[in-house]
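Step one of this worksheet: look at the structure below.
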Amino acid sequence: MYSSGTTGIPKGVMHTHYSMVSLFIILRGLGKGPPSKISYGVLPFFHSFGVLRIFSLLKGTKHVFDKRFHMETFLKAVEKYKITGFGAVPPILIAIQNYPHLDKYDLSSLTSVTSGAAPLSPSVSVSVMKKLQALVLQGWGLTEIIFIAANGIPNAPLTTVGFLAPNTKLKVVHPETRKELGVDQDGELLVKGPQLMKGYYNDAAANARSFDHEGWFCTGDIGHYDKNGFLYIVDRIKELIKYKGFQVAPAELEAVILSNPKVADVGVTGIPDPQSGEVPRAYVVRKDISLTEDELDQFVRSRVSRYKYLYGGIKFVKNVPKSVTGKILRRQLHQQALQEMNKL
């Protein structure tokens, strides 16, 4: 498989029979999904999330597949085939949240939705649960270690990705000092497990960067665990915005902005600033065209710390660039921001 390439050039990820069999043993032990479940899927099999669909096929789950997500096709499929669950990425759930005609379809068969590939904002999660009358659960995995954690507990905190998978180890370290951190302390998440890849294909430099001297894989994700063992993902290290020594997570700002009922979608990136290093800029798709930059800016300021303010401004756009798996293409957003600055 190949990594998504959202922060750099896609890398060849070498999995072995051992890592894949270990993955399926872990999933079988967790007992994910009854055999009678009927699932809908649009995630490609070349993506790690799609590989998990193979396991459910082995368990006897019925699947309805489509080449790409289209709202009406999806809703008709749920109604016709009595879909009970599906795997999604945040942009799909945002689209469902914003769709005005859900009540025209019989979606009563749906019981759960699993979101992955990127952090899901609490406001979107709550909205989709209310509209579909189904649980929305999150999981965590990477192409390099396909399944790390999953939330299968209905009353768990909305923002958690669940508990660590069996036979999997995790530690949290400070991104710069590499000192190990404790409960509720955000840092880079390092993992070990039998489902971990062998390494990157023909890329010794990437392997050297990604594994420490004890064999821990450096995920590049920032997060923490709480006193109950629940894991939380904040953002990617490479995507953090460095403002005057502070670190601002784009995903956190996106969650705040998405909680505004006049916003349909958003992507946040950092732009260079001579005094502060970097400042956040938001690219926003409006649901209500009456929304102004000043109104949204004040909305954000009333909900975040001063160093997280949108000092880089707000730009209204028609869409936010995303990969086939639904991840925001921040490199593309960043390049767009630089081009806009160069025109000034």
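Every residue, even glycine, has its Cβ placed from backbone N, Cα and C.
The annotation domain 'AMP-dependent synthetase/ligase' is assigned in TrEMBL to 1-201.
For 252-327, the entry in TrEMBL reads domain 'AMP-binding enzyme C-terminal'. Mean pLDDT of the predicted structure over the domain 'AMP-binding enzyme C-terminal' (252-327): 94.
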Residue counts (helix, strand, coil, in that order) that DSSP gives for the domain 'AMP-binding enzyme C-terminal' (252-327): 19 helix, 25 strand, 32 coil
